[in-house]
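Straight from TrEMBL, the features:
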- B:11-404: domain 'Ammonium transporter AmtB-like' (DOMAIN)
- B:12-32: transmembrane segment (TRANSMEM)
- B:44-61: transmembrane segment (TRANSMEM)
- B:107-126: transmembrane segment (TRANSMEM)
- B:133-155: transmembrane segment (TRANSMEM)
- B:167-188: transmembrane segment (TRANSMEM)
- B:209-226: transmembrane segment (TRANSMEM)
- B:238-265: transmembrane segment (TRANSMEM)
- B:272-290: transmembrane segment (TRANSMEM)
- B:296-314: transmembrane segment (TRANSMEM)
- B:326-349: transmembrane segment (TRANSMEM)
- B:355-377: transmembrane segment (TRANSMEM)
């Protein structure tokens, strides 16, 4: 392969890596923006822990666990390639990955993905989880569960053999995070004051909507790398198609949610608009390379409608998810994965059923593993902070710091 | 063409697209930073509406309207290529655009530009426009007016035939937004309290200068893509020259405004410094590929001086433009377009006159069209919120939300 | 050289330039986040001054001063190439820099670096320096001291001849800023209230930890360009290795500081976590292209431990550095430079001694020059604001503006 093409491909993948890294800023902004100021430091600490710890774990063994180079159908769990990463022969040449990128780039791009699953959980459990327990959960979930599931498809495991398709991770990243979020929220219980004595949900307003909005825009930007980099080269046709379907689905998702929520609730709800954008992004992620622009708009639009209904459903089930992570990442993740069987160049009833099996198997595995991890933590060191701590805020109790020392606050 | 070069070119254009997308975060930060907290949700809602709606409109018909593939001198308005975009034969090969990018990239890059014009208006009308009217205006202005004007030059229409030059849109983007901002501000009237009984303007301070500053820095970053991508390939000499002229003009614009305002007002005014940077950026945009670094510094410096005088002029005319959009985008947009006739490789009296005609024709068209749209809206559903709503803030009235629920505020 | 490769290389360098530019947003966020709201405008004004002024100074003479094209060992101070930049013959062709980038790209990339040194100082002297004196200092330090030191190594001067190695500037950028920060802090004295009558330091909490956190994440992102661009081409193996070592060192630095501070102070301290990330980044900068991933993790981890001890040391010496710039940029800059002699492909006692000489010579030069500049300023126009101004805040006194006009504040 020509040096110019190899170099160009690798540049694209490195910049996609940078953009996926930047998504962690977006997640952090979104989460703190939609929660109360008294828990801001705690959320930021969790996010910084996830990105640093996630990368180190992926370096220590996740990367080798996820891409074990095993045979078809072999689950690879026991084929650890050892701690630390060592470049394979030819890992820096076009022979390594059809000239798409080097071994180093491969590691870093995948490492940035790995941390995302835990970040999704972080938003759902915000404002009441014990930080020690969350850190232990993150280490196990990012270090083991995520790469094992990833290996089933992207590592060439049994889901891949079955023909399951998940371009950039509607299921393998977003639902993996979303299922754990669901389990964690169920085990944790709702925040004090979230549901009235009549069982009706009460809004607990976020403390900085500008930050939440910036978070969503940064996430959209990051998705240029998340989906664009998942082409695994800079192939002009495929990368540019993926960016078009991704952005159109985001725009349509936002519009779908905005219109749906305006009709249902007679209110121009910015938070729904924003979650609709995220829903559209998650929804297109499984098939961003398979869809026409028209199909991307339809998938996004439906994701936007699903978000509004999904948020209402989560509320109805008395699950307290402060940032809407379950609706965005789990429900739209499932929707996007199934949409591969309905729209685009792979559509068909067989594909749909394969997608459904994949969704269910991954779901079962994630529910069981996160249930075991969190269940053990709950039974031992506990997963929920004390009532006093929750009322006064986790920042003062766990970190001895105030996020906005100079500002006067309304305590609530 | 060699695959490496085609791939590299397309990467550059895709990343330029990402950077132009990021400018919407910059615009949002700038606008909310320079206005009051009680209207923050409203401004963010408008901005999110513009980026999602603008992209969908451009997809539905703007792109085909703007690049109709018509003959010289033919205005193309009636040559709609139909709804939805369909890739032309060879649209993914180097044959499409001299190997600069694919058809998909072309659409997305242009689509990100399209929304910018409406965003400019958004800042000028902030804190008092009815959101429904603004949304209708945006749809028509982004969906129709912007692509029609764009077609005159970039679509190969009559302005192009005349030799009018506008590299990346001092006129075609910034003035198109700026003229509508001027008309809208005139029709809306000033915010309550902006002008005293003696007619003297009073400062209505913005609520977050850090956000405004971050907005300007993000806009400067975005301009790497806005101007850099307007080369329409990654040609090393031309793209790197454009980045140098763009950044030098930004720096010189900031300096020019800072020094001018310090001399005139004896105050180190950060807002003027920031607006000077934006003025320099808008000013270099029409000729970023034609100027030497020295010429870029002169154009930027003069833009910085013009900004300070322009803001004073807008105040004197009793026009209330909360973010300085008219001075930045309209006045510096005109300046930059005319500067192509004064400096750089195309300078000359004939070129100057052609630039002047272009400025005037585009101005007349934008004033008339935006005047008609806004005039009809004013006469029917109204364009201004009630006095009560303006005093209490648009966030509570139109969105039922608070941007900063936990913070204690000074109402004003 | 093949056009595709030249174009790809130049794209990488232009985007690295954009990322280094974006670091200024990161620095601004970090500095204002860790200081009090009453000095926010002042800090932002300084930062905007640095980026605009720094770029113009580098254009006017810094670039020519730093890369004079002199012979080995010749210090080049007197070989000014004149004001303004003029492209050399072949400056836009692959002949200029082995096809890595064009002359224009070269200027802009280096120009973005130049401003960084002054930004480092800005954080350390925040909340009490006279802005006029700081502006004069910046002009001289960025315009003269930084390019002279840079010329010693990157311009091919005597440090380069000796075999001193500093890949992307642990010494040449970070320590150059850090030494001046040390001198400035010593000459300025501590902020009122920082040290009690018993001499014990008191925490003066920052006013927006979310902004500080975002600043660090943006700086990490920017380091993709700072170190990645220092390869001076897009060589796939080297650039991707550099990104891996950079991110692993950042993650390990954060972890090292977090664990150390938790052990020492029994507190999950987010600020230490963040400074650890920065320490890891500064520490890897001198040898990012020489280290294996394992070595990068070790260097980062040690940098994280050093940060915690360094911050304690600075406090012990009664030096008041509001953002921890001395520990991060000076101490970790030295550590990173020396680490080149301990780890990686150049390790050895000779190399270690050469690194040490480089650290000491640059340190002596920076201490003397910044001491002279700041000493003269102190003796003439003064460098510290009045007590009243410091108590009431620099924003109102120097800028007549409030950063957060709508918010109610606790004055302290």
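Any Cβ shown, glycine's included, is placed from N, Cα and C.
Small disclaimer: the values here were computed from a predicted structure and weren't measured.
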Contact between the transmembrane segment (B:272-290) and the transmembrane segment (B:133-155) (at least 3 Cβ pairs under 8 Å, separation 6+): no
Cβ contacts the transmembrane segment (B:209-226)/the transmembrane segment (B:326-349), at least three under 8 Å, sequence gap 6 or more: no
Stretch among B:133-155, B:238-265, B:296-314, B:326-349 sharing the most Cβ pairs under 8 Å with the transmembrane segment (B:44-61): B:133-155
Beyond the flanks of the transmembrane segment (B:133-155) by 6 or more, those residues with Cβ under 8 Å of it: 46, 49-50, 53-54, 57-58, 60-63, 65-68, 70, 75-77, 114-115, 117-118, 121-122, 125, 164, 166, 172-173, 176, 180, 184, 358, 362, 365-366, 369-370, 373-374, 377-378, 381-383
Contact yes or no, the transmembrane segment (B:238-265) and the transmembrane segment (B:167-188), 3+ Cβ pairs under 8 Å, gap 6+: no
Other parts of the chain folded back onto the transmembrane segment (B:296-314), taken as Cβ under 8 Å at six or more residues beyond its ends: 244-246, 248-261, 264, 272, 275-276, 278-280, 282-284, 287-288, 321, 324, 326-328, 331-332, 335-336, 339, 343
PLDDT averaged over every residue in the domain 'Ammonium transporter AmtB-like' (B:11-404): 92
